[in-house]
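Asks: Okay, handing you the structure first.
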Amino acid sequence: MAKTKTTFFCQNCGAQHAQWAGKCNVCNEWNTIVEEVIQKEEKRAWKQSSPSKKVAKPLKINDIAINEEDRIDTQNNELNRVLGGGLVKGSMTLLGGEPGIGKSTLILQVALTIDKKVLYVSGEESQSQIKMRAERLKNTNTECLILTETKTQNIFKSIEETQPDVVVIDSIQTLQTDTIEASPGSISQIRETTAELIKFAKETATPVILIGHITKEGTIAGPKILEHMVDVVLQFEGDRNHTYRILRAQKNRFGSTAELGIYEMQGSGLREVENPSEILISEKDESLSGTAIGATLEGMRPLMIEVQALVSTAVYGTPQRSTTGYNTKRLNMILAVLEKRAGFRLGAKDVFLNIAGGISVDDPAIDLAVVASILSSNEDEAIPQDYCFAAEVGLAGEIRPVNRVEQRILEAEKLGFQKIMVSKYNKIPSKKYNIKIVLVSKIEDVYQQLF
Ligand code: TYD
Ligand code: MG
């Protein structure tokens, strides 16, 4: 019988300590150190491997063969896009997100449409609960197996019996391995069960998708090392009051992290949104003052986003500035630029800014749309609905160029916009566009062009 060994782990950052302390000296959190039993046994749960102890040999890089078929098409275009073209064989993908955002729905939906044998292991819901959920979703894959189990040893037994092509674990925080005695969800259990699954994935070239909980700070619960261990970390986000969900890659060993997938949560599951611009711009019969449309890029995808501003006389001494979906500090900066460089008296006004659709925008190209919507609300004069904007605003009141402006112009053109305002300093490939390109270089020009 091996000697029982215990160590102290910080439940916040995963740091290992030799003894208990009130405060973790790594992440400075109080009361997070917990003693966990780690019974070091020699055997790992997944031990099917190498019949002979082969030693890996180095190969010349040109001699290493790869074939593109090593990716599995998930039959879900948005997910494929974010993964960089499909699930790579033998890869570990971790999907994190707030509770109730739709992680289980997304993965179950993929399991039900992919034309591969999937083993969906759930430690959170019973088989009949999953069946009930599946009834609501489009179901074409009859090869989808559902297992409710939390012990990795039993999961591996089922895997050996059923030989699935893809394994899904919902969620990593519910898993437990026999080799360790800590409770499920603890740092050492998460680390150990993930290590076992990685070993399985790499040895059998089976892709594994892990669903993970996130902490209140928004990071994936468990040791940070979990994110280092897996190949792909996906984040599923969105506002629970809105129906749109965004899937982003935080880390991807097989593709770009700039890509993004957009879904809409419906009664029958998640619908892939192929043309996001159409849903992000609200349908109106008449133009209203205070709205402007920005041609932004999220990753490689152009997105037309509606910005709404409300400028009104401040009731209290200090004017209020409030934003949804846009950085408040950046709004303050833009207001200061408007005040200083263009003489607009906004200092005594409340300014509210809202990005439609419950999404948040980081692309600086939205700045010009922000400026336009503020000016429009201040003047109480509407901007024509077929006008859009793409430029960054600098501290000197200059209108700065943005990257990949042609792609933005083409998207605006495709969606039927008549005019787009961009920086004079942008190099625009000269060809015939079906949209009028308005060039501006200073904040004052913007005002003159619009009103
Ligand atoms: P779920 O996938 O259980 O979230 P997570 O696994 O991330 O915790 O998502 C649950 C939410 O999704 C729930 O609040 C209801 C909603 N939903 C729909 O709107 N339509 C559907 O068809 C399904 C299955 C869920
Ligand atoms: Mg779930």
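Cβ from N, Cα, C; glycine included.
TrEMBL labels come from automatic prediction, so no person has curated them.
Bear in mind that the values here come from a model prediction, so they are computed numbers and not experimental data.
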Asks: Quick one: sort out which of 46-50, 251-255, 271-275 is the motif 'RadA KNRFG motif' according to TrEMBL.
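Replies: Based on what TrEMBL states, motif 'RadA KNRFG motif' spans 251-255.
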Asks: Restricting attention to the region 'Lon-protease-like' (350-451), give the mean pLDDT.
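Replies: Averaged over the region 'Lon-protease-like' (350-451), the predicted model reaches a pLDDT of 91.
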Asks: Quick one: what's DSSP say for Gly102 (ATP binding site), helix, strand or coil?
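Replies: In three-state terms, Gly102 (ATP binding site) counts as coil.
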Asks: To see if you understand the setup: which same-chain residues, six or more apart in sequence, place their Cβ under 8 Å from that of Gly102 (ATP binding site)?
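Replies: Listed in sequence order, they are Phe236, Gly238, Arg245, Tyr263, Met265, Leu270.
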Asks: Among Glu98, Ile101, Gly102, Lys103, Ser104, please name the binding-site residues whose Cβ is nearer than 6 Å to ligand 1.
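Replies: From Glu98, Ile101, Gly102, Lys103, Ser104, counting a Cβ under 6 Å from ligand 1 as near, the near ones are Ile101, Gly102, Lys103, Ser104.
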Asks: Which residue counts does DSSP give the domain 'RecA family profile 1' (68-214) for helix, strand and coil?
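Replies: Counting residues per DSSP class in the domain 'RecA family profile 1' (68-214), I get 63 helix, 33 strand, 51 coil.
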Asks: Taking DSSP states H, G and I as helix and E and B as strand, how many residues of the motif 'RadA KNRFG motif' (251-255) are helix, strand and coil?
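Replies: Each residue of the motif 'RadA KNRFG motif' (251-255) counted once, the result is 0 helix, 2 strand, 3 coil.
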Asks: Filter the binding-site residues Glu98, Pro99, Gly100, Ser104 down to those with CB closer than 6 A to an atom of ligand 2; keep them in sequence order.
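Replies: Result: Ser104.
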